[in-house]
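Let me begin by presenting the structure, written as structure tokens, before commenting on it.
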Amino acid sequence: MAAFVESARAGAGADEVIQLVSDGVNEYSEKMMEGVVACPRILMPCKVNDDCLRGCKCLSNGYCG
């Protein structure tokens with residue numbers, strides 16, 4: 001996120017901002033293709049572990065993590 005803020009201050013073009021925003025998605029997709037499973041940083045409400053994406057579990061706060 002710090003890289004995004006610094007680029008925005010420097011007057012980054014739309015292409016640079018799109019690349020910065022999409023990098024996280026690309027990294028997660030690549031890890032899934034490699035078989036490495038990590039819980040994405042997406043707020044998803046849950047009641048049981050099955051409500052969450054692969055690699056996540058339902059936490060006591062009612063969200064996947």
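Yeah, the Cβs are placed from backbone N, Cα and C, and that goes for glycine too.
Features reported for this protein in Swiss-Prot:
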DISULFID  C39-C56  disulfide bond
DISULFID  C46-C58  disulfide bond
DISULFID  C52-C64  disulfide bond
For C64 (disulfide bond), just count the other CB atoms lying within 10 A of its CB, please. 20
Let's check the environment of C58 (disulfide bond): how many other CB atoms sit within 10 Å of its CB? 18
